[in-house]
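A.B. asks: Just passing along the structure, written as structure tokens.
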């Protein structure tokens, strides 16, 4: 079987390629060129020129073919432009989930299958993919819960699942690092990438500001009861649930409740005002057909590494899904992905509204 591995030049994807080769697969490496940014050594992003060099070194070390695909224009159109437009609307987008659908996983899996003749596409994500007796092919949380990345796959098209392999599904990060060291893989000591890959270590607001991608306008910070309590320095600097850095004096701590792009205001309130009994999402993507969903025991996640929140019911109108919490929970940020789970099984996801 011919398996293409998405190689980022990091430890995880390098070990994924190694493990597949050790199992006897016909392995090829594929690396995307998504950015021309050259970062300093203390900033780890992905898909940069240095990462391509690292991926080439690893592929050569493993003795596998390696291809570089220049999708910088596609990445700009599908991910960066989306990121900017969502911030213009006052939202807090999750570009990594969109990227996995539009570029790094969904699109690339189809590309290597059609163009390079690969039967399967593998990545170094900490995710499981299994056959379920009721749901069919499903994505599940990885064994290393601290590193689980299933949340970022919530927007994937269902027909891609049959192409995917995740060799690190049952491993921990520590075990993967140990394998890399034992096999003397050239990037075994490389640091992890934690940032949004195209911001080069900057916060989203800093990236938007420094690249003149968005006009930052100061506006009012308004208490949920209607009183103006301060000034904000631009909506991208704030997100729902934020408490620190508001610059507002009040009799008790205030939190960001909402960002109103039309009025250019940040709405704040006490913690109890942050609580809600539901969350809604649009353009919901069903990885498991909704008619197969269980009626109870489901949970939702509204950002990466957030603890799953139990829900008691869901309602669906067209492409809009609303989940109702078992008890009041803090609001989720608009623009993030709402992922729905049955235990460890990812049922689908949509964009929070």
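Backbone N, Cα and C atoms are what each Cβ position is placed from, and that goes for glycine too.
These came from Swiss-Prot, pasted as-is:
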type	residues	note
BINDING	6, 7, 8, 9, 10, 11, 12, 13, 32, 124	ATP binding site
ACT_SITE	99	active site, nucleophile
DISULFID	99-197	disulfide bond
SITE	125	site 'Interaction with tRNA'
ACT_SITE	197	active site, cysteine persulfide intermediate
SITE	336	site 'Interaction with tRNA'
A.B. asks: Among the binding-site residues 10, 12, 32, report those whose Cα falls within 10 Å of that of residue 336 (site 'Interaction with tRNA'); none is a fine answer.
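C.D. replies: If one measures from the Cα of residue 336 (site 'Interaction with tRNA'), no binding-site residues come within 10 Å, so the answer is none.
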A.B. asks: Give me the CA-CA distance between residue 125 (site 'Interaction with tRNA') and residue 12 (ATP binding site), in Å, as a whole number.
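C.D. replies: Spelling it out, the Cα of residue 125 (site 'Interaction with tRNA') and the Cα of residue 12 (ATP binding site) are 7 Å apart.
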A.B. asks: Report, as a single number, how many Cβ atoms besides its own are within 10 Å of the Cβ of the residue listed as 'active site, nucleophile'.
C.D. replies: 27
A.B. asks: Given residue 8 (ATP binding site) and residue 197 (disulfide bond), what distance in Å do their CA atoms have, once rounded to a whole number?
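C.D. replies: Each residue's Cα considered, residue 8 (ATP binding site) and residue 197 (disulfide bond) end up 11 Å apart.
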A.B. asks: Give me the count of other Cβ atoms within 10 A of the Cβ belonging to residue 10 (ATP binding site).
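C.D. replies: By my count, 21.
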A.B. asks: Can you grab the distance from residue 10 (ATP binding site) over to residue 197 (disulfide bond)? Cα atoms, rounded to a whole Å.
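C.D. replies: So the alpha carbons of residue 10 (ATP binding site) and residue 197 (disulfide bond) sit roughly 13 Å from each other.
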A.B. asks: According to DSSP, collapsed to three classes, what secondary structure does residue 336 (site 'Interaction with tRNA') have?
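C.D. replies: Note: residue 336 (site 'Interaction with tRNA') is coil by DSSP, not helix or strand.
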A.B. asks: Just going by other Cβ atoms within 10 Å, which of the recorded positions 6, 32, 125 has the emptiest spot?
C.D. replies: 6
A.B. asks: About how far apart, in whole Å, are the alpha carbons (Cα) of the residue listed as 'active site, nucleophile' and residue 197 (disulfide bond)?
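C.D. replies: Approximately 10 Å lies between the Cα of the residue listed as 'active site, nucleophile' and that of residue 197 (disulfide bond).
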A.B. asks: Out of 8, 197, 336, which of the recorded positions is least crowded by other Cβ atoms within 10 Å?
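C.D. replies: Each of the recorded positions 8, 197, 336 was scored by Cβ atoms within 10 Å; lowest is 197.
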A.B. asks: 10 Å Cβ neighbour count around residue 12 (ATP binding site)?
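C.D. replies: Its Cβ shell of radius 10 Å holds 26 other Cβ atoms.
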